[in-house]
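J.: First the structure, which I've put down as structure tokens, then a few questions once you've had a look.
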Amino acid sequence: MENQLAKSTEERTFQYQDSLPSLPVPSLEESLKKYLESVKPFANEEEYKNTEAIVWKFQNGIGEKLQQKLLQRAKGRRNWLEEWWLNVAYLDVRIPSQLNVNFGGPASHIEHYWPPKEGTQLERGSISLWHNLNYWQLLRKEKLAVEKVGNTPLDMNQFRMLFSTCKIPGITRDSIINYFRTESEGHSPSHLAVLCRGRVFVFDVMHEGYLMTAPEIQRQLTYIQKKCHSEPDGPGVAALTTEERTRWAKAREYLISLNPENLTILEKIQSSLLVFCLDDDSPHVTPEDYSQVSAKILNGDPTVRWGDKSYNLIAFSNGVFGSNCDHAPFDAMVLVKVCYYVDENILENEGRWKGSEKVRDIPVPEELVFTVDEKVLNDINQAKAQYFKQVSDLQLVVYAFTSFGKKLTKEKQLHPDTFIQLALQLAYYRLHGRPGCCYETAMTRLFYHGRTETVRPCTVEAVNWCQSMQNPSTSLLERKHMMLEAFAKHNKMMKDCSTGKGFDRHLLGLSLIAKEEGLPVPELFTDPLFSRSGGGGNFVLSTSLVGYLRVQGVMVPMVHNGYGFFYHIRDDRFVVSCSAWKSCPETDAEKLVQQVFHAFCDMMQLMEMPHL
């Protein structure tokens, strides 16, 4: 073990980036075969035959030409998907991204040394910030261990995007600006932005070449809070980041035209390490029920979140914490890693600051005061109005299932992630009486700048098993057999998707090549079964495993009649979050989660069946 630790400090965080394999282009025939299999649960015989004919025509016609063009594209770049994915999945999207695209999550400090307690916001906030800043320094020094699967390194590029990164709204397409540099690359910004009661402050976290201590950070936060609590609220320019993207882009251009100083202020916020949000709310939270705090993280006060920042760290009045992140620059596992690092350090230090109490003579924080006029104030009010309207429609529950967890599923030789996915399939089937097309995230970080691929858990095998569970004449043994077949299928799909053999991103690539070539949209993509099975961003169940650490995530559904279902796995429990829109009469997040918990028990009961 000692050797391993010594070795890990010698490895630099980004040292393998140049030697990672390029993202492969899968075989056309294989992808189409997998696609056909995935639409089966949503088609009758006639519809399936029709789609089969469309696929065959595509494979032997335009599909082959598009595949050749895609292979050409892949020759010239190490990741043929990267730029496309960023644009299509994030930067071209015009709907407000803060609520619809961002992800968030509550900190689990409440489970040990930091239960909710009024009057602790600033002291705890400064300790949490200090650990976050240590993580930033590890990244700058490239001392963060390279993540690996076995001995194979994973792409670490997304970790460059955690700090000093921001999305900039554009009229038709947004852009991402990243100011972070490692120490060997040169200067990197070292200031924090703090939002409080509609006002914006910044201060440098380095003083005379050293990182501020937690008591020094606390002094800065106290100065800001006292000032904000004894003076009128600011205009809340941050609320503009909740707006529809083109609207926000125009409002931003107008803001800059009012006074060039406004651009300087925007750039200071954009380049800040992270945005620390002092929130006056005191949401309820327990280790078994994170619903209220999670909702506030996703849909809280828009004047104290900068929706375009890659990292908003939120401190509530009762000393409870959470994060809200723009999804464009990175996927949730980056946030999971920093949150876990901070939580472990808080745990190790019993929630206290154990360093020096000395506070150096440090310049007070600088307030950034925007020049605003009637039009800007109107824009802010309009942004808030549309934000609160959508926010009031969100239903979100986050509960812990504590009867068992990973330990028991492993004992039964069941993959815990697959266990939850199949429970969700059964729960949806029981609640809605039909199969639910489902998106589960697989990671493709084995490849250069790899991000994600789609696993489609609603397989023929899963549906057959769900039907057997609802059919009183099917024996328990048959049900168990069918369940294990569904497990095997899911595990194989996950393996394929993680190793570059998925088909969703491949089909996206083929459709984008057609678009770039000015060709008509191939029939494959206009076939009703394409969208009914989830294609084109139509998955009714949008899901992801957040990991095996004490970190939970939340996101809104992908479609109006769908659910956002995110979960993490521990030895003794499964923690799940489920979101839905109240204005959709057929969805109910609370009921779905109860059905999932019910399914967990039913599945475990099947495993108690002796092998005959």
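Note: Cβ is positioned from N, Cα and C throughout, glycine not excepted.
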J.: Swiss-Prot has Tyr439, Thr441 binding (R)-carnitine. Which one of Thr452, Thr459 is in the same site?
T.: Thr452
J.: Taking the Cβ of Asp417 (CoA binding site) as the centre, how many other Cβ atoms fall within a 10 Å radius?
T.: 22
J.: Inside 8 A of the center formed by the CB atoms of Lys406, Lys410, Glu411, Lys412, Gln413, Leu414, His415, Pro416, Asp417, which other residues of the chain have their CB, for the recorded CoA site?
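T.: Once Lys406, Lys410, Glu411, Lys412, Gln413, Leu414, His415, Pro416, Asp417 are set aside, the remaining close residues are Leu408, Thr409, Phe419.
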J.: Where Glu411 (CoA binding site) and Tyr439 ((R)-carnitine binding site) are concerned, what is their Cα separation in Å, rounded?
T.: 27
J.: Can you tell which of the recorded positions Lys40, Lys406, His415, Asp417 lies nearest to Lys57 (N6-succinyllysine) in space, using Cα positions?
T.: Lys40
J.: Rounded to the nearest Å, what's the C-alpha distance separating Lys406 (N6-acetyllysine) and His415 (CoA binding site)? Just drop the number here, would you?
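T.: Between the alpha carbons of Lys406 (N6-acetyllysine) and His415 (CoA binding site) there are 8 Å.
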J.: Taking the centroid of the Cβ atoms of Tyr439, Thr441, Thr452 ((R)-carnitine site), which other same-chain residues have Cβ within 8 Å of it?
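T.: So the additional residues around the site are Glu440, Ala442, Glu453, Thr454, Val455, Thr543, Ser544.
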J.: Given the binding-site residues Gln413, Thr441, which one's Cβ is surrounded by the fewest other Cβ atoms within 10 Å?
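T.: Least crowded of the binding-site residues Gln413, Thr441, by Cβ count within 10 Å, is Gln413.
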J.: Within 10 Å of the Cβ of Lys57 (N6-succinyllysine), how many other Cβ atoms can you find? Include all protein chains, please.
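T.: Lys57 (N6-succinyllysine) is surrounded by 14 other Cβ atoms within 10 Å.
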